[in-house]
Amino acid sequence: MNNSTNSSNNVALTSPYKTFEVVFIVLVAGSLSLVTIIGNILVMVSIKVNRHLQTVNNYFLFSLACADLIIGVFSMNLYTLYTVIGYWPLGPVVCDLWLALDYVVSNASVMNLLIISFDRYFCVTKPLTYPVKRTTKMAGMMIAAAWVLSFILWAPAILFWQFIVGVRTVEDGECYIQFFSNAAVTFGTAIAAFYLPVIIMTVLYWHISRASKSRIKKDKKEPVANQDPVSPSLVQGRIVKPNNNNMPGSDDGLEHNKIQNGKTPRDAVTENCVQGEEKESSNDSTSVSAVASNMRDDEITQDENTVSTSVGHSKDENSKQTCIKIVTKTPKGDQCTPTNTTVELVGSSGQNGDEKQNIVARKIVKMTKQPAKKKPPPSREKKVTRTILAILLAFIITWAPYNVMVLINTFCAPCIPNTVWTIGYWLCYINSTINPACYALCNATFKKTFKHLLMCHYKNIGATR
């Protein structure tokens, strides 16, 4: 009991803050730590459970959230303890481990921001070649490299500097990096760890913004009529004429014809066909389907991803139908253009069947000749660019005060009060609190997924857009 009392008296004597100030600091710092932990766990869980968030860019954000989570759990709370007590009570080993963890994680955050900036830069400047290389495996390798490099740069120097120079110069009750007592080293590390990355990221974002604006202006200047239509020579038709008996398992006559300007050559190749409804769905294709029967009217429905044409209605259940299907395959990437179009026609042997096939075929070929409507720039690309801008601004605003003080301290150590140092250091930590808010504000999918998780609405959360 006496030891405990003496320890409490020592804390009271050495603490620079009064009791109510200590309570206030602990409440504020504890709240920030809790918000940081919850926010970054939400980011990580959202990416894990929502398949629409499982993109290469968001994997980089997942790595950044891991770093921010570590800061919220360890760095914030240990620094709060150090601040309110007024001295370091946990000994030199824990001090060095905390500093190593703190600086490795902080540097990993900067490295992740650099990776995100370079990734977006290459996506914009090399849209044809870079997306091919931009795989999940490559993203994992880049993330691993960022963490390993950060560890190599900071951990050995912090943990073993005292053994390299042969003496520990950090006094008991204090906790700081020993080689930071050298003004030149402090200046150099500030340049390498903050100023150089900020310059690189700013230049990259300027190029990203410039390229995006240039593309938007170019798209606005191009009239819709000048866009390349889908070439009718790429449209291939397949007409299927089932036998009159049309029993399950029976062989149907199959004719393959090319449709050019609404006409089909007489030469045909006969194959077997299994009757039934066919459906195709792919991230890299757009489907257009048409169904024709006893035609009474024409219906055309279009949306962003599919075009569906229904011609006529069936008078009875036994009447046969004519099906036309167009599958437009497009390459992977942020911007896709049609590369091949296939038309399949399934016809009936009923009366006027050939007439109906020709009418529907002409409609489809006419539709494929029409130029596609001009689409605005992809919203996903805008989301990514806005998110990058938000996290870069948050990083610069929160880290700049401390790193400016580091440079000032190099030339004038007494110029900066201890309280200002503490606030500047805490601002660096607050960046980890702000990042999840940046994701939610700039990306509606993140925001909706956060809301579902917080309100325990787990139904269909994996498909939230």
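Just so it is clear, glycine is given a Cβ too, placed from its N, Cα and C backbone atoms.
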Selected residue, Swiss-Prot feature N-linked glycosylation site, from candidates ASN6, ASN340: ASN6
In Swiss-Prot, ILE85 and ILE416 sharing a membrane side: yes
Cross-link partner of CYS175 (disulfide, per Swiss-Prot) out of CYS95, CYS123: CYS95
Annotated range (Swiss-Prot: motif 'Important for signaling') out of 10-14, 85-89, 90-94, 435-439: 435-439
Listed modified residues (THR445, THR449, THR464), ranked by Cβ neighbours within 10 Å, top entry: THR449
Positions on the same chain near the topological domain 'Cytoplasmic' (45-58), where near means CB under 8 A and six or more residues out: 116, 119-120, 134-136, 138-139, 384, 445-446, 449-450, 453, 461-465
Same-chain residues at least 6 beyond the ends of the topological domain 'Extracellular' (410-417) whose Cβ lies under 8 Å from its Cβ atoms: 183-184, 186-187
Tally of residues which DSSP labels helix, strand or coil - the motif 'Important for signaling' (435-439): 5 helix, 0 strand, 0 coil
Separation of alpha carbons, THR445 (phosphothreonine) and THR464 (phosphothreonine) (Å): 7
